[in-house]
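**Student:** Starting off with a structure, shown below.
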Amino acid sequence: MLIYDLTYEELEEFIVENGYKKFRADQIWNWLYKQKIEAFSEMNNIPEDIIKLLNDNYTFAGLETVIKNTSADGTIKFLFDLKDANLIETVLMSHNYGMSACVTTQVGCNIGCSFCASGVLKKKRDLTAGEIVAQIIRAEKESGVRVSSIVIMGIGEPFDNYKNFVKFISIVNHPKGLAIGARHITVSTSGLVPKIKEFAHLGIQVNLAVSLHAPNNEIRSKLMKINDRFKVEEVVDAIKYYIHVTNRRVTIEYIMIQDLNDSVETAVELAKLLKGMNVYVNLIPYNTVKEADYQRSSLENRLAFHKTLKEHKITAILRKEQGHDINAACGQLRSQNL
C-alpha cells in the first residue's frame, strides 16, 4: 500500500495502534508533504523502529517520469510510468493566480467521448487516492514550483472512481500537508447523474464542472456516448439539484468544434437551456487530436458564440489556449507512447 493512500487520521491511527505517540504522525506527515521525501530513511527525526515499521507496511508511489514537455506558454505536461507499467498524464498550467495541476484519476477511460484521445485507450483500472496524490508531489519536485490549485480533469471519469478521488481531496486539503483549499479544487464530470447528486451532499466546498458540450441530445450523443445513459435534460436537472443543495455555482464546460456546436443558433439554444441557473460557461478551444476528425472552432465563431451568450444574460468566458504545441489535450501524450 502507498503511504500517500493514508489520510492524516489513518496515519495517526496506525502510529498509535503500534504503540507510538500521536506526534510522530505529525512529524511523518510533515516529511511527506512539506519536505516531499521519497524514502522513509530520509526522516532524520524519526526513530529507526518506526522507519522499519513504515517500510514493512508502506511504499512510495515510485512514479517514473517518462516524458516532460514544456510549452511556450509555460504549460508543463508529464507522462508518468506507474509501478505496474501503466502510463498516466499530469499537466501543470501557469495562471496569474499561481500554478494549477490537472490530475488523472484512471488508467484509460470508458466514457468514450469522440473528440478525446483518452477514450481510444479503454480503462484498465482506477488509480488509488495515493497515486493521484503522487502526481502532485512528483510534478512539484520535477518543476520546482508549488501547486496552488487542482483540476481533476485528466484521463478518466472522476465520478467513476468516486471513493478514491474523494479521499484524494481530503489528503491534499489537509491543513498540515499540501493545504490546498477546497475552493481551489475543481472536479469535472461527463455527467454521471447519480454521482452528481451524491456529491451534492458531501459537504465540502469543491468546485463542480460538468462537461456538457452541446445544448441538445442530437449533438451531445455524437460527442459523448454517456449521453445514451444520461440525456441532456437529466444532466441539467442534476446540476439544478446540486445548485439547490449546495448553493454553489457550477461551471459548464463547452469544447467548441467547428461546424458542429459553435453556431449562433446553438448558442441561443444553450442560453435557453441554462436560463436562470447559477452557472457560468467555460468556452474551450478544441485541441485537435489525431484520433478524431474534428477541427477547432474559428475565432470568429467563438467570439460570436460568447457574445450571444452574454446577450442572453449567461455568464461565459473564452478560455485561454494552453499547451496546444505540446499535445496537452487529455490522453494525447499517453496514446502516442503505447
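The backbone N, Cα and C atoms fix where each Cβ goes, and this holds for glycine too.
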**Student:** Given Swiss-Prot annotates GLY156, GLU157, SER211, LEU212, HIS213, ASN287 as S-adenosyl-L-methionine-binding, which of SER114, SER188, SER263 belongs to that site as well?
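**Tutor:** Of SER114, SER188, SER263, SER188 joins GLY156, GLU157, SER211, LEU212, HIS213, ASN287 in the S-adenosyl-L-methionine site that Swiss-Prot records.
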**Student:** Helix, strand or coil: which one is ASN287 (S-adenosyl-L-methionine binding site) in, per DSSP?
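**Tutor:** It is coil.
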**Student:** Quick one: of the recorded positions CYS102, CYS109, CYS113, CYS116, which has its CA closest to the CA of GLU157 (S-adenosyl-L-methionine binding site)?
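**Tutor:** Spatially nearest to GLU157 (S-adenosyl-L-methionine binding site) by Cα position is CYS109.
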**Student:** Considering Cα atoms only, can you say which of CYS102, GLY156, SER188, SER211, ASN287 is the nearest neighbour of CYS109 ([4Fe-4S] cluster binding site) among these recorded positions?
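**Tutor:** It is GLY156, whose Cα lies nearest.
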**Student:** On a C-alpha basis, identify the one among GLU89, CYS102, CYS116 that is nearest to SER188 (S-adenosyl-L-methionine binding site); the candidates are the recorded positions.
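**Tutor:** Its closest listed neighbour, by Cα, is CYS102.
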**Student:** Of the recorded positions GLU89, CYS102, CYS116, which sits closest to HIS213 (S-adenosyl-L-methionine binding site) by Cα distance?
**Tutor:** CYS116
